[in-house]
Amino acid sequence: VLSSADKNNVKACWGKIGSHAGEYGAEALERTFCSFPTTKTYFPHFDLSHGSAQVQTHGQKVADALTKAVAHINNLPNALSDLSDLHAYKLRVDPVNFKFLSHCLLVTLACHHPEEFTPAVHASLDKFFSAVSTVLTSKYR
C-alpha cells in the first residue's frame, strides 16, 4: 500500500523526469531485453537493436502509461483497466516480466537522477511499480 509519503515521492520524482520519460522508458526496455532475454519473445516483430525506432516508440508507450498511473495514483485499477485487459487477454504477457521491467526502470532512474534517488524515493518507486504490476496482472486470475 502506498503511503502519502510514497505518493508524494513518486509524484515529485516523476515530475523531475519530465520530457525524458519516453527516453527512460526505452532505455529501461533495452535493459530488460539485455538482462532478461526471454522478454524478447513478446516482440518478435521488433528491431530490438540499441536505439531502434520500435523500442523508442514502445518506451514512450510505457512512459505514457506510467505518467497516467502517476496522475491517477489514488485509483490505479480504474486508470489502468484497459492496459490490464490488453496484457492479460490479448498479449498474454507472463506477469514476471512486469517485475523485470520495474527493476530496469529503477536502475534507469537511479542512473539518470542519482541525487534524487534516495533510499526513500527508491522504496516509494519500487512500491509504486509493484502496485502498477499488480493492477496489470489482476485480470489474469
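Placed from the backbone N, Cα and C atoms, the Cβ positions cover glycine too.
Note that the coordinates shown come from a computational prediction; the quantities given were computed from them, not determined experimentally.
Features as listed in Swiss-Prot:
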- HIS58: O2 binding site (BINDING)
- HIS87: heme b binding site (BINDING)
- 1-141: domain 'Globin' (DOMAIN)
- SER3: phosphoserine (MOD_RES)
- LYS7: N6-succinyllysine (MOD_RES)
- LYS16: N6-succinyllysine (MOD_RES)
- TYR24: phosphotyrosine (MOD_RES)
- SER35: phosphoserine (MOD_RES)
- LYS40: N6-succinyllysine (MOD_RES)
- SER49: phosphoserine (MOD_RES)
- SER102: phosphoserine (MOD_RES)
- THR108: phosphothreonine (MOD_RES)
- SER124: phosphoserine (MOD_RES)
- THR134: phosphothreonine (MOD_RES)
- THR137: phosphothreonine (MOD_RES)
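Annotation: no recorded positions among LYS16, SER35, HIS58, HIS87, SER124, THR134 have CA atoms within 10 angstroms of the CA of TYR24 (phosphotyrosine). Other Cβ atoms within 10 Å of the Cβ of HIS87 (heme b binding site), summed over all protein chains shown, number 21. Here the domain 'Globin' (1-141) has a mean pLDDT of 95 out of 100. Between the candidate modified residues, THR134, THR137, the densest Cβ environment within 10 Å is the one around THR137. Following the DSSP three-state reduction, the secondary structure of SER49 (phosphoserine) is coil.
A 10 Å cutoff on Cβ-Cβ distances gives LYS16 (N6-succinyllysine) a total of 12 other Cβ atoms nearby, all chains included. Least crowded of the recorded positions (LYS7, LYS40, HIS58), judged by neighbouring Cβ atoms within 10 Å of its own Cβ: LYS40. Across the fold, the C-alpha of LYS40 (N6-succinyllysine) and the C-alpha of THR108 (phosphothreonine) stand 19 Å from each other. In terms of DSSP secondary structure, the domain 'Globin' (1-141) contains 111 helix, 0 strand, 30 coil. Note on the residue listed as 'phosphotyrosine': other Cβ atoms within 10 Å of its Cβ, all shown chains, come to 20. Annotation: THR108 carries the greatest number of neighbouring Cβ atoms among the modified residues SER3, SER35, SER49, THR108 [cut-off 10 Å, Cβ to Cβ].
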